[in-house]
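Visitor: For reference, TrEMBL lists these features for the protein:
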BINDING   132, 207, 209  Ca(2+) 1 binding site
BINDING   166, 202  Ca(2+) 2 binding site
BINDING   183, 184, 188, 206, 209  Ca(2+) 3 binding site
BINDING   459, 503, 549, 597  Ca(2+) 5 binding site
DISULFID  231-257  disulfide bond
DISULFID  245-272  disulfide bond
DISULFID  289-315  disulfide bond
DISULFID  303-330  disulfide bond
DISULFID  347-373  disulfide bond
DISULFID  361-388  disulfide bond
SIGNAL    1-20  signal peptide
């Protein structure tokens, strides 16, 4: 998956020609562009010191050259790279990736005092919110993160709504009130302090990033007729495919999306977050912006950062702020740019640059290859622009020094759940009054409740549904993200034992292979072949089990056990020559002791305990998350 990656235009001036001679790139100076002129060596020195590699080694008394080489080897090992000890390109690229602000190697003597909470009831307070995400979702994200620790430690976590808490959580940009300013988009994502008085214990998140929950383009709609469903990307409208919210088909400028794959067929839609629908924070009870509005005698036709030092976009919710003092903060749209001179404004497609029209983000005009767009229809005349989010989803798991794990993700896409008092519908009709549904809690035997299970025996995709196996039962997650079960394994596959270690469905024959300890079974519909010993496949006779199975092309399947893996030729029912191979030589950055390894929607998943590591087609780990929340949808 590469959800939400904006395609970029590479045709240049080729237009309608079948081919063209490569042209020399034209680079321009973009107004408001901040370029960090740092050499690779300077980048490495700063990185190794900031994240604890240099400090630890210098204490041994080694020379600086030796320390840097060993520090690089230690960093490369940490990142699953080849341990060359030299500043090679893969290492440089890894250093440029966004990351948590907590050092990888910690010297606990850095902070004085006893680095423990002085009581078991730890309090926290959320001081402010990011414009990328609705407040209730942020509240829930932190509550869930704290619950991860309260479930397995004697600590409890209680939220305060005013006063001073042990952990004060805030979003900020650049200089945000402590000695460690953030560095803009990417790079440092968050930092925190160990337990103590004052700023100690606090957690800060860089709001120059885009923060969200979930994965990929997850945008919750409001109004329309979708009843709050999330956008479906891509979707078809009048025969054209859309991968972002659009204003096409409307005259009021409101961004919208379909919540099914085909609006032309289903006619189901909702509105995307927009300052024209609602604001957040401020003093206007989420009222929408009023444009134009007057501020300090000047007229404004869009959200602005004028009058503020924190960089947040706002608007007046009446025609005159100077007289009424009513305002709110503007939510970020899904196509909002980062940096440039139009922070937070949406891309305008198509736009003109150097006389050429662009219908998507482009790297033309830049020597660094970064994607950008104009925020008006003509960059040549208006010079308004910003960087496009790169679309790569990062899941941030910061294990803070106060031992609290805060888990959020960020991407170009955001979740919102706006409920405004002044809805705008396509038909301009009044929406029906919302009803409140009181849910009835059904008490399930914990042994049969999937959300109470800490570690599954096996996870695999069968017939396009993700299956979770545990002690004779299994559960399914459908394509509609609905959880079904529990079901008895013995009713569906009566020949199987209660505990299985892994399974896979052959992509060609649709036969299902199950592995349990030293045996395997093959199901074709209701017919079963087996059990047979796994050594019949060419696996070692002393192998006690197969922990994971991943389908590959041409009828091949990778079988995993600990630090080694084999490649099975399914048709020949034999392991290919040249195997086993070492796990970490091909799958760096994931646990070598994964108890579940499987393929799902084009990604490799490696599970250990409650967590999973997701690897894309380029064998890069692009997410770390919770099995329970992200895969099982608890």
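We count from 1, first residue shown onward.
Note: Cβ is positioned from N, Cα and C throughout, glycine not excepted.
TrEMBL annotations: computationally assigned, not manually curated.
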Visitor: At the Cα level, what's the spacing in Å between residue 361 (disulfide bond) and residue 330 (disulfide bond), rounded?
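Guide: About 23 Å separates the two Cα atoms.
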Visitor: Which state, by DSSP, holds residue 207 (Ca(2+) 1 binding site): helix, strand or coil?
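Guide: SS state of residue 207 (Ca(2+) 1 binding site) = coil.
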Visitor: If you skip the near sequence neighbours and keep only those at least six away, which residues in the chain come within under 8 angstroms of residue 315 (disulfide bond), Cβ to Cβ?
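Guide: Expected: 275, 279, 289, 290, 291, 293, 300, 302, 303, 304, 327, 328, 330.
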Visitor: So which other residues, same chain and not among 459, 503, 549, 597, have a Cβ within 8 Å of the centroid of the Cβ atoms at the Ca(2+) 5 site?
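Guide: So the extra residues in range turn out to be 458, 460, 502, 504, 547, 548, 550, 596, 598.
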Visitor: Pull out the recorded positions from the set 166, 209, 245, 347, 373 whose C-alpha sits within 10 Å of the C-alpha of residue 231 (disulfide bond).
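Guide: Checking each Cα against residue 231 (disulfide bond), the hits are 245.
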Visitor: In Å, rounded, how far does the Cα of residue 347 (disulfide bond) sit from the Cα of residue 206 (Ca(2+) 3 binding site)?
Guide: 22
Visitor: Enumerate same-chain residues with a sequence separation of six or more from residue 597 (Ca(2+) 5 binding site) and a Cβ-Cβ distance below 8 A; give 'none' if the list is empty.
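Guide: The answer is 502, 547, 548, 549, 550, 560, 604, 605, 606, 607.
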Visitor: Compare the Cα of residue 373 (disulfide bond) against each of the binding-site residues 202, 207, 209, 459, 503 and report the nearest.
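Guide: Nearest listed residue in space: 209.
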Visitor: Please name which of the recorded positions listed here, 209, 245, 459, is nearest in space to residue 166 (Ca(2+) 2 binding site), Cα against Cα.
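Guide: The smallest Cα gap between residue 166 (Ca(2+) 2 binding site) and any of the recorded positions is with 209.
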Visitor: Enumerate same-chain residues with a sequence separation of six or more from residue 503 (Ca(2+) 5 binding site) and a Cβ-Cβ distance below 8 A; give 'none' if the list is empty.
Guide: 458, 460, 462, 467, 469, 512, 513, 514, 515, 549
Visitor: Considering the binding-site residues 166, 207, 209, which residue's Cβ sits among the greatest number of other Cβ atoms within 10 Å?
Guide: 209
